[in-house]
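Chemist: Take a look at this one; I'll ask things after.
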Amino acid sequence: MANSKYEYVKSFEANDEVMFPNLIVVRIDGRDFRRFSEVHEFERPNDEKALNLMNACAISVLEEYPDIVFSYGFSDEYSDIIAEVMMQNSIPHCFFFLFDICYKMEGVFPHERYEISPTFNGRVICCATIEVLQEYLAWRQNDCHANNQYNTCLWKLVESGKTEKEAQEILKEEDIAKYSENGTPVKRLRRKARILHSENIAGRSFWNVHQNLLKQLGCFAEDIGKINPDYIRSFLFENKLMPSTWIVIRIDGCHFHRFCDVHAFEKPNDVQALNLMNSCAVAVLEEFQDVIFSYGVSDEYSFVLKKDSKFLQRQASGIVSAIVSFFSSMYVMNWKSFFPQKELKYTPSFDGRAICYPSSEILRDYLAWRQVDCHINNQYNTCFWALVKSGKSKSDAQNTLKGTQALEKNQILAQFGIDYNALPAILRQGSSVFSVKEDVVIHENGSSVEKLRNKVIVEYCNIIEQSFWEAHPGILD
């Protein structure tokens with residue numbers, strides 16, 4: 001990253017770590033998936049195609065992240081088990097699943113289109129021993145059975161003529177709490193993933209048949225008896241963010257150089273790709289009312305939550321997974337609007353982290369740091385690709401630019417007839433997304449009424465200067 005006087009804000013970034021040799025369970029869970037299934041008219045109580053879609057995504061995750069050695073899922077939930085890794089920054093990065101459900105939906109539901117974007121929450125559970133893992137798996141499969149039995153009864157009663165409320169009263173029982181997790185693996189040798197259905201995935205009879213699981217995770221000493229969900233919940237990896245601080249969720253494309261090459265993005269900047277990112281950021285501000293400002297450049301976006309936000313009880317993993325998954329699904333959903341002639345060849349992925357800043361001044365310095373980075377990196381890349389397009393090799397272009405300052409880079413660009421300061425502001429200053437008040441006329445009962453409403457806009461402006469914040473005092477007020 002580029003150096004600037006704002007670099008000190010990096011000291012506020014904390015890395016969480018799940019220490020070796022814990023077994024790591026990453027559980028993702030659909031956020032408001034009941035509404036999603038209703039809008040898309042999934043069959044009740046179970047839609048086999050929707051379950052197969054989840055399974056297909058789980059296979060993709062195992063193929064993409066070889067540290068995940070076993071996965072168990074039902075309904076809108078999946079648990080991935082990671083073995084023998086030191087997991088830096090436990091805030092979820094493994095959002096490949098979230099993109100893939102958008103990417104694969106066209107194949108599973110070829111005649112359907114997305115009406116709303118799917119979103120997932122994620123959370124990490126640390127299993128200190130193989131016995132804890134065994135009890136966790138038994139708990140989740142027991143939940144699968146209990147929930148499926150309840151839902152099957154519920155919808156049979158509804159089909160018989162009962163209202164949903166009447167059916168719920170007949171079946172009234174204590175609700176089963178759901179939890180979510182997520183985490184990050186490192187690529188190694190690829191294994192072929194398989195889907196299996198078993199009556200008891202926590203039993204020794206199932207585990208002993210699959211020697212690869214025994215080798216990587218260990219063996220169960222005995223079959224489990226009574227399940228204690230509270231015992232398992234005690235292993236949830238909690239990371240509540242400091243109260244009364246500004247929360248910034250920064251997301252960043254994973255291996256986006258390859259993604260850009262495969263999809264033939266223009267170099268050094270593809271304006272349509274930037275506009276696609278901006279459309280996703282606008283959707284985030286419209287979906288999550290606690291997000292009051294965002295700043296983006298290239299494949300990166302920073303989302304600022306208001307200082308007194310209580311969103312998801314300020315749990316870092318929940319906030320990051322919700323925002324990244326929503327952004328991810330919007331990227332896939334909006335692809336054709338910005339690249340109608342280009343096929344999305346494979347699913348991209350983003351990682352994310354949460355950072356807390358104690359004051360508005362430090363938050364503004366953080367945003368200034370990102371905008372300084374935007375300028376420095378864009379100026380370098382513009383020079384680099386101008387040199388490459390002129391016939392130089394990439395290594396020659398790098399050597400030419402080595403140690404050059406801003407003035408020297410501008411002189412190099414001038415040789416190619418490029419005035420850096422005349423380039424579009426979206427390239428030099430990045431994109432700022434925030435809400436403004438606008439007057440709208442609403443027609444009610446034959447009369448017209450003027451009302452104020454929030455409108456999310458994108459601007460390409462200087463957010464380092466005081467003048468921007470004076471012009472928009474409501475953002476940080």
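Cβ atoms here come from the backbone N, Cα and C positions, even for glycine.
What TrEMBL records for 6-127, 230-358 is domain 'tRNAHis guanylyltransferase catalytic'. Feature annotation from TrEMBL assigns domain 'Thg1 C-terminal' to 132-173, 362-461.
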Chemist: Could you tell me how many residues in the domain 'tRNAHis guanylyltransferase catalytic' (230-358) are helical, how many are strand and how many are coil under DSSP?
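Modeler: Across the domain 'tRNAHis guanylyltransferase catalytic' (230-358), DSSP assigns the residues as follows: 55 helix, 32 strand, 42 coil.
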Chemist: Under DSSP, the domain 'Thg1 C-terminal' (132-173) has how many residues in helix, strand and coil?
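Modeler: Counts, helix then strand then coil: 35 helix, 0 strand, 7 coil.
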Chemist: Determine how many residues of the domain 'Thg1 C-terminal' (362-461) DSSP places in helix, in strand and in coil.
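Modeler: Grouping H, G, I as helix and E, B as strand yields 54 helix, 27 strand, 19 coil.
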Chemist: Need one number: mean pLDDT over the domain 'Thg1 C-terminal' (362-461).
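Modeler: Across the domain 'Thg1 C-terminal' (362-461), the average pLDDT comes out at 91.
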